[in-house]
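Novice: Please find one structure pasted underneath; my questions will follow.
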Amino acid sequence: MTRYIFVTGGVVSSLGKGIASASLAAILEARGLKVTMLKLDPYINVDPGTMSPFQHGEVFVTHDGAETDLDLGHYERFIRTTMTQNNNFTTGRIYEHVLRKERRGDYLGATIQVIPHITDEIKRRIIKGAGDADVALVEIGGTVGDIESQPFLEAIRQLRVEVGSKRAMLMHLTLVPYIATAGETKTKPTQHSVKELRSIGLQPDVLICRSDHPVDASSRRKIALFTNVEERAVISLEDVDTIYKIPGVLHAQGLDDFVVERFGLQCNSADLSEWDKVVDAKLNPEQEVTIAMVGKYMELLDAYKSLIEAMSHAGITNRTKVNLRYIDSEDIENQGTSLLEGADAILVPGGFGLRGVEGKITAVQYARENKVPYLGICLGMQVAVIEFARNVMGWKDANSTEFDRNSGHPVVGLITEWADATGAVETRTEASDLGGTMRLGAQDCQIVAGSKVHDCYGKDVITERHRHRYEVNNNLLPQLMDAGLVVSGRSEDGALVEVVESKDHPWFVACQFHPEFTSTPRDGHPLFSGFVKAALAQKNKA
């Protein structure tokens, strides 16, 4: 039977619940247990698919096409389990489902209330998401005390009672600030945070004390005394120079032993040798490259969380320190390509909307004309095609219909029909809703032998995740190819362009899919690894 570890946060947000949860999950997995993770988001949006990257950060796409919270990216990078649409849900999704059942008459005329109807639906989804895992870690978004999270906290209170203390425990992350002028850590915020939890019937079993300084033994004893938590379960988690150290930090303090004993599980001791290798490669690089990343959302780098991590993973696999130079594409529009000078490679990620697109196109032109290694992702592929059409074909009005519906050469247009992951045909028009209407999830792609992308993957067919509603216009594709645009990857049915390359360029690859969603610190990703190798070759050539 599945054991549940519910994870909450207190005092302030952004303490790193997702990282801490994933790190514990990684240790339990290293002990031979089957582990899964869930993220419960209290906001009322149905999913984050239409939320601004400046507010929410990245939208992580699962294998089965769910648009989810970026924490699911952390989960997949730390454990081997593949997340699905069952691993993330929001208040909006819960209410949508309950109200649909009410409209159908499923509740037989009952008055619909938060308790029991909303809480029952939350519990049902937690159990479904946990599946047949030995241990399921369930992270509750937000901070204890927020009004939005109250139904979720009530639901886990009920579930703890229903499954019993041998199958459920609560891990609470809290801030233990260090006051430099006084030279001491303060435990009072933690005490009050636990008091808030206990007022709604939740007693923590584990406390993770986040701080920028070590939380000493006397402070941990004091916290244990005032919060009714075992002293061995009060864990100090200070800031580290790489998040991939955290499994080792938690293991060294015996957190996994406490969990295993509490649940009465029989399992092996943890083998964290893979994580030791990752940390060693990360902290002891043998080479160094600088890559210019030209994006639209540079004010909030969480909008590119998986991509930034994927570049770090590529550095790990190549024993190379990857310095990312973050450049706002609008700055290129205003200041020119001098911002790109000195970069060993150029990376243009995805995005939506007209703002900053011309700066991205200029960055592509700089990379192509100056033979600088280039990797384009999603919109990064579309702007590569637009740049080629304008500056090689001479179609100065070439554009995407996303940005100019009246373009005389719409080389990129809305996908109106495609087959989803199950083979069902989906259709869209300009009038379709924005939410949940993109080409989403894992799709097979046929790779052309002898291409740069084939050199990276070493396969004829690959599977990568997508999140887009625009594609290369097949009506203009023959002319583009005649002029030298190389199409090195197509969808399984051959209908959609997935990868393009530039002839007579040392390394120019642009893909419609999002390879960053499947990159992990232990295995890296072949495309990003190849990109960093190309950047190293460029640097050594200079």
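Just so you know, glycine gets a Cβ as well, placed from its N, Cα and C.
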Novice: Among G351, G356, G489, G494, which residue shares the L-glutamine site with L379, G380, M381, Q382, E402, R469 according to Swiss-Prot?
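Specialist: When Swiss-Prot describes the L-glutamine site, the candidate it includes is G351.
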Novice: Name the residue, out of K128, K222, K245, that Swiss-Prot lists for the same UTP site as S13, K186, T187, K188, P189, T190, Q191, please.
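Specialist: Among K128, K222, K245, only K222 appears alongside S13, K186, T187, K188, P189, T190, Q191 as UTP-binding in Swiss-Prot.
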Novice: In Swiss-Prot, S14, L15, G16, K17, G18, I19 are given as binding ATP, so which of D64, D69, D71 is in that site too?
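Specialist: My reading of Swiss-Prot gives D71 as the candidate in that site.
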Novice: Would you count the other CB atoms within 10 A of the CB of Q382 (L-glutamine binding site), including those on all shown protein chains?
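Specialist: The Cβ of Q382 (L-glutamine binding site) has 30 Cβ neighbours within 10 Å.
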Novice: Determine the Cβ neighbour count for T190 (CTP binding site): the number of other Cβ atoms within 10 Å of its Cβ.
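Specialist: T190 (CTP binding site) is surrounded by 30 other Cβ atoms within 10 Å.
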Novice: Give me the CA-CA distance between L379 (L-glutamine binding site) and E139 (Mg(2+) binding site), in Å, as a whole number.
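Specialist: L379 (L-glutamine binding site) and E139 (Mg(2+) binding site) have their Cα atoms 32 Å apart.
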Novice: Note the mean pLDDT of the region 'Amidoligase domain' (1-265), expressed as a whole number.
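Specialist: That region's mean pLDDT is 95.
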Novice: Between the Cα atoms of G351 (L-glutamine binding site) and K188 (CTP binding site), find the distance and write it as a whole number of Å.
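Specialist: Given the Cα positions, G351 (L-glutamine binding site) is 43 Å from K188 (CTP binding site).
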Novice: Show which residues of the chain containing P189 (UTP binding site), separated from it by at least 6 in sequence, have their CB under 8 Å from its CB.
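Specialist: Correct list: G10, V11, T174, L175, V176, P177.
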